[in-house]
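Peer 1: This is the structure I have questions about; it appears just below.
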Amino acid sequence: MDLNRIIQALKGTIDPKLRIAAENELNQSYKIINFAPSLLRIIVSDHVEFPVRQAAAIYLKNMVTQYWPDREPPPGEAIFPFNIHENDRQQIRDNIVEGIIRSPDLVRVQLTMCLRAIIKHDFPGHWPGVVDKIDYYLQSQSSASWLGSLLCLYQLVKTYEYKKAEEREPLIIAMQIFLPRIQQQIVQLLPDSSYYSVLLQKQILKIFYALVQYALPLQLVNNQTMTTWMEIFRTIIDRTVPPETLHIDEDDRPELVWWKCKKWALHIVARLFERYGSPGNVTKEYFEFSEFFLKTYAVGIQQVLLKILDQYRQKEYVAPRVLQQAFNYLNQGVVHSITWKQMKPHIQNISEDVIFSVMCYKDEDEELWQEDPYEYIRMKFDIFEDYASPTTAAQTLLYTAAKKRKEVLPKMMAFCYQILTDPNFDPRKKDGALHVIGSLAEILLKKSLFKDQMELFLQNHVFPLLLSNLGYLRARSCWVLHAFSSLKFHNELNLRNAVELAKKSLIEDKEMPVKVEAALALQSLISNQIQAKEYMKPHVRPIMQELLHIVRETENDDVTNVIQKMICEYSQEVASIAVDMTQHLAEIFGKVLQSDEYEEVEDKTVMAMGILHTIDTILTVVEDHKEITQQLENICLRIIDLVLQKHVIEFYEEILSLAYSLTCHSISPQMWQLLGILYEVFQQDCFEYFTDMMPLLHNYVTIDTDTLLSNAKHLEILFTMCRKVLCGDAGEDAECHAAKLLEVIILQCKGRGIDQCIPLFVQLVLERLTRGVKTSELRTMCLQVAIAALYYNPDLLLHTLERIQLPHNPGPITVQFINQWMNDTDCFLGHHDRKMCIIGLSILLELQNRPPAVDAVVGQIVPSILFLFLGLKQVCATRQLVNREDRSKAEKADMEENEEISSDEEETNVTAQAMQSNNGRGEDEEEEDDDWDEEVLEETALEGFSTPLDLDNSVDEYQFFTQALITVQSRDAAWYQLLMAPLSEDQRTALQEVYTLAEHRRTVAEAKKKIEQQGGFTFENKGVLSAFNFGTVPSNN
């Protein structure tokens, strides 16, 4: 390869004027052998300009991630897709570790991503030598090679970070070499607090964290080595950050390597305590370790963390993530007596001076509110910000302490009450007090000591602050209303005030963060309080208009959810404004989708998705208003068109759901045109979305069968889609859906003249059965299509089976089909599939012109049917049982709980006692019961796609089968004897039960029909109702 030519092309990609020509040059060269190793040589060369090296690194990363592994050709194609040649791969393996060690940071980032992809595909099979190579550089006398080799080791460990313990053996073998090595290295580095030394220490900590985050490899750490590691973590957490760092701007300090190193050490100890060191909260393989951890390390580490919190209390700087992880660790310690004893004397100071301080409104909050209120909203509602926030961690610690340790809540409430009742207190502290009380709302509403005081608290301390001249206090007050929205109000006026103030804040407040909090509070009050819902009925239109305005301005997903919930609460009122609302939402969606930053901002995708869900909710609400639905259809079709035109595949699922909602009752000509458009999209890039298309396709078949059959193109489209799925590599779930659609078409069109389709459908599914099928669900679904064809027209199916010639199967396939069906009768699950199988077998046994294949399995037919009936009986019984259990659980849901642990007791002791008192039934048994329910219920996604056989007045499988047997008995006694001969006594008893039930069902159906013909049920007044009178006073007679 000509290196200079590649260098010039890479240089051209940086220049906008030359970019297209340069990219074309590279695209013509990348498949040439030695191209990828040439890129690596350019990357590591000090003689090449840095921007070119960086461009080469990005290009190589893209090549490796896309073209490294060997790939098979698509089904039906002989040409193998391109991948990097093995000679080139070996050259890269031989040199990439050195490349990472020698490269500057910005290039090194790209190369480590290459290495991760290579390790993922090649280790250990194709590249066991990577371990020796990393180890060689780790042991080097030159410290310059340590960081690069540690980064390589990190990629190795990260590759296995989320794998199950049994899949990590190659990593465990490697870490038997590396773990002692990096422990020794970090011990040597600890006394040196220079930038480079601490950078190396941080990287070692990151390796350890990735190793233990999801599984602790006990075979790598014994008590002695773990003690050394814990001492390392304790030392790093406890050591002083160089004082010169205080000269750096506070916003930049968390990124300093000394604070990051502390953060990772804390991250590790918090994770070890939470996942492996808390007895009573670990899986059985960690029982022994958890006891050892709690007794040996927990208190010592906590001592250091209490010191950190004291530093924060003394106004010394502590990085936010360090503070957050300290709170997380202490949160685990609250429930264990050994750590609680140490924490208990300090908990009041921690609560009042540290947690409270963190939960107050701060200078940085005020700065963001004033400079960019929309960014303030985004930050406050960002779940990822929450995850890393010291405020959230402080809130969680306080909540746990208040819930588990009885002395905490009264003292904290007294502290907050003092602040709220003193008019001279700093308003920011009032915000903190409200924040604390709102965070504890769930506990306060269950404690008899406090719950009756909460209404007075809202009246005296929250309602007035909703009118404060400080925006942040108004927002916090709305947040508190939200937190206490389930409160049982004794004074109706207070409830009315709460709702009116929330509405006023939503509609009239000028500050957007207040409006957002008010929206959430108002919706929560309406959902939890029946009277609140009534109060707001006259104001639905202005409320909805304001919510739409907020969404348009802020693009906040939480407010989109509020709109959805409000639509459900006020379905009748929303109907009158549905068109305007949908138009507004469509405009917001279009604006979001076409904004310049849409591609880069994930929040916008979530919010746009929320808008589509909201429009779908509106469609559901107005489904009975045909004239409104017709107007909404045009708006929705514009949205669907926009998404399809821009190929925004992440919204395909949502627009298909919209189309489904628009076709649930009738299908307009425009929606039939959409079928053709979707077919074109399906051909291009919607192949994997077939399962999402299925509900819509089902509607096309079942809602407007006349139009479906009026144009042969419609059925052709549906068949072609099913064929593409069943002949491609969409996966067996999609294939099951395709087979189901074919079955639905056959059953829906029985007697409607689709005879010409039956051979095509049957051949397609039986051909699929000749290729490898992994799941019984796909096997039975393919069989079910043929069974549906048997129900449609028995002679047509048998004729089709005789004519079909399958590859590698000489002669007709009737015998194979019948045998496969008989072998798989126990695989038909759920109600519909069993019913279909019973009807099919009943037709089979009643055939007059029976193929020899049926005679050959005569002894299996009736036993198989009886087995299927037994399965149906279990499904019905289990459904009734589950319904009863659901009602029972609902009744228990409102019981008050007391989870406090008496002063210094261990939570695990309390848990053990509770389990013993629960009739000896532990969690494992309960989980097994849940599994059993799922297994017997056998509900699948396919059960939801109804057919005419699933209607209440459809063919009854019990009557169908017994009638078939009676017919055979009277017509062909010899065949009847052959069918009955193999039955055991138990099976004959079961058969009699089926006969009895069939007769009962026939009698019930006839009685029901007779009543319907007479105009419905009439109830005679027998005096029963008059016996129940809840309004009268009993007499003394």
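Each residue, glycine too, has its Cβ placed from N, Cα and C.
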Peer 1: Based on the annotations in Swiss-Prot, which residue of S888, S903 is described as phosphoserine?
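Peer 2: Candidates were S888, S903; Swiss-Prot attaches phosphoserine to S903.
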Peer 1: Would you mind telling me which one of S595, S902 Swiss-Prot calls phosphoserine?
Peer 2: S902
Peer 1: What is the number of residues in the domain 'Importin N-terminal' (22-102) that are helix, strand and coil, as DSSP sees it?
Peer 2: 53 helix, 0 strand, 28 coil
Peer 1: Tell me, roughly as an integer, the mean pLDDT over the domain 'Importin N-terminal' (22-102).
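Peer 2: Here the mean pLDDT over the domain 'Importin N-terminal' (22-102) amounts to 91.
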